[in-house]
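These notes concern the structure reproduced below.
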């Protein structure tokens with residue numbers, strides 16, 4: 001593992017040519033102003049000073065990383081990341097199940113997708129803020145802040161006695177959850193070379209190997225039908241305990257780094273906060289975080305997507321002004337967001353100079369489709385297995401997490417293979433193709449006891465495909481930019497990932513709520529019975545066991561709706577494969593990030609892409625010359 005730190009970042013600290021950032025940080029050399037590039041106002045000296053503070057944090061991060069250049073210290077770091085991943089991974093594995101029981105206890109099970117949409121919108125808005133703040137204040141402080149939000153949200157959810165309060169807790173919980181995952185991912189990226197980056201990023205996912213088998217036992221013994229409140233609440237102290245090792249690890253890194261001469265050399269450089277104080281930094285952070293843009297994006301997404309999940313059910317309510325108003329407002333906010341980002345934002349959510357390159361926009365497209373397709377196929381898969389396949393709680397929990405298990409088992413072998421191949425694009429394309437195969441299998445096996453083996457097979461294929469492209473997409477785009485912009489492109493990918501989950505949950509929920517009740521009523525013919533089956537399916541199946549006419553009617557209704565869900569997922573696998581073809585294919589090296597990028601460029605465009613070259617030459621092979 002010595003190759004991870006074959007380059008001493010401290011020796012390179014005078015060579016910070018971060019994607020032409022010296023043109024932005026130095027007003028004298030910044031000839032082409034933002035007015036020319038974006039149609040934005042000229043950046044102020046104070047704002048540039050805050051941007052320069054980000055480079056100071058990056059330099060400090062590199063010195064901290066060099067303090068852990070021994071293999072055993074790297075092993076301690078990875079073990080700490082594993083323990084942290086175990087905490088949020090196990091909680092994530094079972095909390096979505098408890099959410100289903102919570103909504104069912106409120107007789108609002110169909111609002112599961114509404115909560116998922118709210119979660120995803122909050123998550124998407126949080127990603128950008130976390131990434132930009134981490135470059136100003138450092139990774140550790142943001143990580144601790146995320147843990148606090150996680151705990152607060154967990155406590156609120158555990159004490160909620162209606163779906164509105166549960167959703168409010170979900171806002172805090174998800175803001176913390178995505179922050180922990182993103183900052184942990186950035187920390188591991190800071191301390192690994194591109195060649196070993198995938199292995200490091202896989203480490204927090206490895207607990208799924210254990211969690212897949214114990215999650216079912218936990219949920220069945222916890223009796224979530226009765227005790228879901230305590231089952232959620234106990235994570236308010238379990239998860240922070242799992243974060244203690246990584247926090248201690250980061251503190252130890254800083255302690256070692258502070259004793260180095262390189263760190264003392266940086267002491268002469270004051271941060272923006274040290275020079276200007278709290279009030280002025282708040283004013284400048286308002287522009288750096290693009291607070292207005294983030295709020296407009298979150299409000300627009302929420303106003304459009306949440307009504308889609310609320311308008312159906314026992315009674316269609318599209319004629320209700322309380323739904324129509326927010327829905328229309330969401331679309332009205334889109335042009336307002338565009339005008340703000342183009343004319344007024346100093347640091348736009350989507351920085352054009354980054355996003356315009358295919359390395360970035362194609363990876364963002366894939367990130368969006370990953371979660372969109374996932375939620376279309378799996379949003380109600382657990383419920384389908386319980387109600388329409390007659391799985392037990394333990395079995396359904398294990399099967400629902402099977403794709404994660406397979407993906408995790410394959411990940412270390414694949415990551416080691418990548419260190420030898422040093423190319424990711426062929427694997428990404430093959431992984432996207434496997435997802436299409438998995439969606440086809442889920443379409444075929446969607447109800448009846450005979451679907452048990454088919455669903456397991458589909459999720460295994462899904463898991464292998466997940467290994468080959470979900471995390472590699474992030475590493476692919478990181479390998480095309482400098483260290484200065486690594487957190488930004490990582491956050492952009494994860495923001496689109498969360499937006500994909502929001503849209504996927506909304507579309508999935510819209511199909512479910514608009515269709516399911518009508519199908520149940522059509523097959524049962526009894527309004528009271530159909531209403532009970534729709535609103536509280538877990539309670540209904542305890543009364544009407546497998547094989548009864550009422551249960552068969554409910555099973556067929558679930559099969560019909562799940563068919564629509566998987567068709568949408570299958571169709572969107574086509575653009576997923578198309579985006580994978582558009583990726584760049586940079587060679588993975590022993591450096592933390594791309595070190596030299598031409599002035600004025602934000603992405604390394606001098607990569608060799610054999611796959612795209614082959615496709616470009618393909619038409620010439622079928623041309624015929626006239627004799």
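Residue positions begin at 1 at the first shown residue.
A Cβ is built for glycine as well, from the same backbone N, Cα and C atoms used for every other residue.
Per Swiss-Prot, the features are:
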- 1-70: topological domain 'Extracellular' (TOPO_DOM)
- 92-110: topological domain 'Cytoplasmic' (TOPO_DOM)
- 132-135: topological domain 'Extracellular' (TOPO_DOM)
- 157-167: topological domain 'Cytoplasmic' (TOPO_DOM)
- 189-197: topological domain 'Extracellular' (TOPO_DOM)
- 219-231: topological domain 'Cytoplasmic' (TOPO_DOM)
- 312-323: topological domain 'Cytoplasmic' (TOPO_DOM)
- 345-367: topological domain 'Extracellular' (TOPO_DOM)
- 420-424: topological domain 'Extracellular' (TOPO_DOM)
- 446-454: topological domain 'Cytoplasmic' (TOPO_DOM)
- 476-563: topological domain 'Extracellular' (TOPO_DOM)
- 585-627: topological domain 'Cytoplasmic' (TOPO_DOM)
- 71-91: transmembrane segment (TRANSMEM)
- 111-131: transmembrane segment (TRANSMEM)
- 136-156: transmembrane segment (TRANSMEM)
- 168-188: transmembrane segment (TRANSMEM)
- 198-218: transmembrane segment (TRANSMEM)
- 232-252: transmembrane segment (TRANSMEM)
- 291-311: transmembrane segment (TRANSMEM)
- 368-388: transmembrane segment (TRANSMEM)
- 399-419: transmembrane segment (TRANSMEM)
- 425-445: transmembrane segment (TRANSMEM)
- 455-475: transmembrane segment (TRANSMEM)
- 564-584: transmembrane segment (TRANSMEM)
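Taking pairs at least six residues apart, the transmembrane segment (291-311) and the transmembrane segment (399-419) share fewer than three Cβ pairs below 8 Å and do not count as touching. Residues 50, 53-54, 57, 60-61, 88, 130, 165, 168-180, 183-184, 186-187, 190, 232-233, 235-237, 239-240, 243, 246-247, 250-251, 254, 272, 285, 288 of the same chain, all 6+ positions outside the transmembrane segment (136-156), place their C-beta atoms under 8 angstroms from a C-beta of that stretch. A contact between the transmembrane segment (564-584) and the transmembrane segment (425-445) is present, since 3 or more of their C-beta pairs, 6 or more residues apart, lie under 8 Å. Segment contact is absent for the transmembrane segment (71-91) and the transmembrane segment (455-475), given fewer than three CB pairs below 8 angstroms at sequence separation of 6 or more. Just going by CB pairs under 8 A, the stretch in 198-218, 232-252, 368-388, 399-419, 425-445 that sits most against the transmembrane segment (455-475) is 425-445. Same-chain residues lying 6 or more positions outside the topological domain 'Extracellular' (132-135) and placing a CB less than 8 Å from one of its CB atoms are 54, 57-58, 142, 183, 186, 285, 288-289, 347, 487-488, 491.
The recorded stretches the transmembrane segment (425-445) and the transmembrane segment (232-252) do not share 3+ CB pairs below 8 A when only pairs 6 or more apart in sequence are counted, and are therefore not in contact. Highest Cβ contact count with the transmembrane segment (198-218) among the listed stretches 232-252, 368-388, 399-419 falls to 399-419 (criterion: pairs under 8 Å).
Within the chain carrying the topological domain 'Cytoplasmic' (157-167), a Cβ under 8 angstroms from the stretch's Cβ atoms is held by residues 99, 102-103, 106, 108, 111, 114-115, 118, 173, 229-230, 232-233, 236, all 6 or more beyond its ends. Non-local neighbours of the transmembrane segment (368-388) in the same chain are 96-97, 100, 109, 112-113, 116, 120, 395-397, 399-400, 435, 439, 442, 446-448, 451, 455, 470, 473, 496-501, 503-505, 507-509, 512, 537-538, 541, 554-555, 558-559, 561-562, 565-566, 568-569, 572-573, 575-576, 579; each lies 6+ residues outside the stretch with a CB under 8 Å from one of its CB atoms. Remote same-chain residues near the topological domain 'Extracellular' (345-367) are listed as 34, 37-38, 40-41, 43, 47, 128, 132, 287-290, 292-294, 297, 428, 432, 469, 473-474, 476-477, 480-481, 485, 488-489, 492-497, 500, 575-576, 579-580, 582-584, 586, 602-603, 605 (criterion: CB distance under 8 Å, separation of at least six residues from the stretch ends). Away from its own ends, the topological domain 'Cytoplasmic' (446-454) comes close to residues 384, 388-391, 546, 555-556, 558-559, 562-563, 566 of its chain (Cβ-Cβ under 8 Å, at least six residues beyond either end).
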